[in-house]
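Swiss-Prot has this to say about the protein:
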TRANSMEM  7-27  transmembrane segment
BINDING   PRO92, THR93, TYR94, ASP123, ARG166, ARG171, ASP196, ASP197, ASP198, HIS312, THR313, ARG314  UDP-alpha-D-glucuronate binding site
MOD_RES   THR104  phosphothreonine
MOD_RES   THR109  phosphothreonine
CARBOHYD  ASN141  N-linked glycosylation site
CARBOHYD  ASN185  N-linked glycosylation site
ACT_SITE  GLU285  active site, proton donor/acceptor
CARBOHYD  ASN304  N-linked glycosylation site
Amino acid sequence: MPKRRDILAIVLIVLPWTLLVTVWHQSTIAPLLTTHKGEPLTDSRREAAPGADPREYCMSDRDIVEVVRTEYVYTRPPPWSDTLPTIHVVTPTYSRPVQKAELTRMANTLLHVPNLHWLVVEDAPRRTPLTARLLRDTGLNYTHLHVETPRNYKLRGDARDPRIPRGTMQRNLALRWLRETFPRNSSQPGVVYFADDDNTYSLELFEEMRSTRRVSVWPVAFVGGLRYEAPRVNGAGKVVGWKTVFDPHRPFAIDMAGFAVNLRLILQRSQAYFKLRGVKGGYQESSLLRELVTLNDLEPKAANCTKILVWHTRTEKPVLVNEGKKGFTDPTVEI
């Protein structure tokens, strides 16, 4: 009996202390568990058990959201709309090492524009196979023309007389094609835009110009030795001048990429062409626009000419010194 009483006494003494320690331990840990449960678990707080499958660890982590993969199928070019005006993009081009690269990049932009017709005019005695294949493969609606700039307007090789801006005859041929294709009193809604193959174009630009009533205008970046040139617009939303350093008193001190013309205006003013002779540098745009509109007729786009949507970029001329006179690489491989 004495031994049993000793054991009972020990149990009665130890048991309360055991219960007390257990309760205290749980009350200390519980707040920590509650806090961690509501917080994202970082790698420093939670690590996979040694030898555990990493995939199982990721699957059990509630903070990792499973990505649902969806396949998108696009139609390029977009389906033709019977309600949208057609944008006729006139692009002069000429043979050079980067020609295919320039046209490919531009085509990849135009493929996203609905109701677009690409008028590509080569400075060549005939249509070249390179350009013909490229246009055919794009899937775009296009017309392929050619006219060679006369030799007397060329200095030597690829250089040109600065009095004859590159692309003048090619743009004029495109204007003639439009007038021969559409009747003068055509009700066909459309816009004509002169887009060189080395520029960079925002898709937003094409939607801005689509509503052109007569002639719309906007800024162009990297021209005239400035970050950008732009029409000067007053508080009433009218063009009153030009933000440019080079000859700001020109009738239309604007870059070729900075305006679009309503197709009906092109058809009605059949005398309006880019002047080939007697035009100073920088006046090529004015030679056409002064036959179409006055300053007061211009429609500022791109948030009243405060947004840049086109950049006058230039591709760096490739260095091909290792080709040698005979050519190191296979000349039959098209680049």
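Including glycine, each Cβ sits where the backbone N, Cα and C put it.
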Span of the UDP-alpha-D-glucuronate site, taken as the largest CA to CA distance across PRO92, THR93, TYR94, ASP123, ARG166, ARG171, ASP196, ASP197, ASP198, HIS312, THR313, ARG314 (Å, rounded to a whole number):
21
Measuring Cα to Cα, how many Å separate ARG166 (UDP-alpha-D-glucuronate binding site) from GLU285 (active site, proton donor/acceptor)?
13
Can you tell me how far the Cα of ASN185 (N-linked glycosylation site) sits from the Cα of ASP196 (UDP-alpha-D-glucuronate binding site), in Å?
29
To the nearest whole angstrom, state the Cα distance for the pair PRO92 (UDP-alpha-D-glucuronate binding site) and THR104 (phosphothreonine).
14
In angstrom units, rounded to an integer, how far apart are the Cα atoms of ASN141 (N-linked glycosylation site) and THR313 (UDP-alpha-D-glucuronate binding site)?
25
Among THR104, THR109, ASN141, ASN185, the recorded positions in question, whose Cβ has the most other Cβ atoms within 10 Å in this structure?
THR109
How big is the Cα-to-Cα gap, in Å, between TYR94 (UDP-alpha-D-glucuronate binding site) and THR109 (phosphothreonine)?
20
Can you tell me how far the Cα of THR104 (phosphothreonine) sits from the Cα of THR313 (UDP-alpha-D-glucuronate binding site), in Å?
15
How far is it from THR109 (phosphothreonine) to ASP198 (UDP-alpha-D-glucuronate binding site), counting Cα to Cα, in Å?
12
Let me spell it out: for each of the recorded positions (ARG166, ASP198, GLU285, THR313), count the other Cβ atoms within 10 Å of that residue's Cβ, using every protein chain shown. Which one has the most?
GLU285
When the Cα of GLU285 (active site, proton donor/acceptor) is compared with the Cα of each of the recorded positions ASP196, ASP198, ASN304, THR313, which one is closest?
ASP196
Identify, in sequence order, the residues in the chain of ASN304 (N-linked glycosylation site) that are 6 or more apart from it along the sequence and have a CB within less than 8 Å of its CB; answer 'none' if there are none.
VAL233, GLY237
